[in-house]
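Colleague: Dumping the structure here so I can ask a few things about it.
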């Protein structure tokens, strides 16, 4: 049998689950323990098919709208956050609901409301249609929050009063792209108020920093994550921008395009914030089957963040 070719595998850290995702999954599991199945979940709890399928097997029912849920079963709101109208509708129907919105997203919601109460018009930097953007914009009446996605959008945006503006951002954006958009906003509207640093969360920032470290070392980068995961897609972009000629998103090992990887001597691997470590290990094992793998851990930060689950699930 021919000897396997050698391969250096740079494993980025931090990678995978963040504290908000961990908490959201725990909320669904604890709700199923407390109330039994079915427990309804509005929108995928986190953007990962493997996680969602696992929870579905345990009795979670995933729906897109509250109207699809019966009044007499608990409903959980996803980690991405929801517009204010959603809990209001649940209360009107006297439903039991648990909000699994990531606390770092909730912080952005509070910020947006605080600025609006101070009479400032809100601008949101985010991706149109992403559930987090929809949720944050939905903290204020329709039309009150202006969305910008690119530097080009900043030139087009029409505001009521350039002296009375504030901005917030989606938590899962590219750190570098967002800096450029913020700079464009500040150049056009010098009086604009924003957070001390962008609202991009610690986990998004850390995962992008780790990719910047591994991307130039490797012939290729694989990001384990789902196609609808904003933070995972940003990791692919960051890899491509930082010197990695082949950067690809894979949901799991079976999605690896081996032909595209022919002749590589090194690979970098990371995972989006909603991808379980199990899927990363599956990808590493697939490389071990084909190569003589030497794993090098590249760690750029250590994360110790933990979020408590809501009180309703902590009590018997």
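Every residue gets a Cβ built from N, Cα and C, even glycine.
Model, not experiment: these values are computed from the prediction.
This is the feature table in Swiss-Prot:
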BINDING   18, 102, 201  [4Fe-4S] cluster binding site
BINDING   47, 80, 130, 171, 229, 230, 231, 274  (2E)-4-hydroxy-3-methylbut-2-enyl diphosphate binding site
BINDING   47, 80, 130, 229, 230, 231, 274  isopentenyl diphosphate binding site
BINDING   47, 80, 130, 229, 230, 231, 274  dimethylallyl diphosphate binding site
ACT_SITE  132  active site, proton donor
Colleague: Among the binding-site residues 47, 80, 130, which residue has its Cβ surrounded by the fewest other Cβ atoms within 10 Å?
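Modeller: Comparing Cβ neighbours within 10 Å for the binding-site residues 47, 80, 130, 130 has the fewest.
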Colleague: I need the neighbours of the [4Fe-4S] cluster site defined by 18, 102, 201. Which other residues of that chain put their C-beta within 8 angstroms of the C-beta centroid, in sequence order?
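Modeller: Near the [4Fe-4S] cluster site, the remaining chain residues are 19, 20, 21, 79, 103, 104, 105, 171, 172, 202, 203, 204, 273.
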Colleague: Long-range neighbours only, meaning 6 or more apart in sequence with Cβ under 8 Å: which ones does the residue listed as 'active site, proton donor' have?
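Modeller: The list for the residue listed as 'active site, proton donor' reads 80, 81, 105, 126, 170, 171, 172, 230, given in order along the sequence.
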Colleague: CB neighbours of residue 229 ((2E)-4-hydroxy-3-methylbut-2-enyl diphosphate binding site) within 10 A?
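Modeller: For residue 229 ((2E)-4-hydroxy-3-methylbut-2-enyl diphosphate binding site), the 10 Å Cβ neighbour count is 25.
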Colleague: Going by DSSP, is residue 47 ((2E)-4-hydroxy-3-methylbut-2-enyl diphosphate binding site) sitting in a helix, a strand, or coil?
Modeller: coil
Colleague: Taking the residues the record says bind dimethylallyl diphosphate (47, 80, 130, 229, 230, 231, 274), how far apart in Å are the two Cα atoms that sit farthest from each other?
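Modeller: The span, Cα to Cα at its widest, is 15 Å.
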Colleague: For residue 201 ([4Fe-4S] cluster binding site), which residues of its chain lie six or more apart in sequence with Cβ-Cβ distance below 8 Å?
Modeller: 18, 20, 102, 104, 171, 172
Colleague: Looking at the binding-site residues 230, 274, which one has the fewest other Cβ atoms within 10 Å of its own Cβ?
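Modeller: Fewest other Cβ atoms within 10 Å, among the binding-site residues 230, 274, is found for 230.
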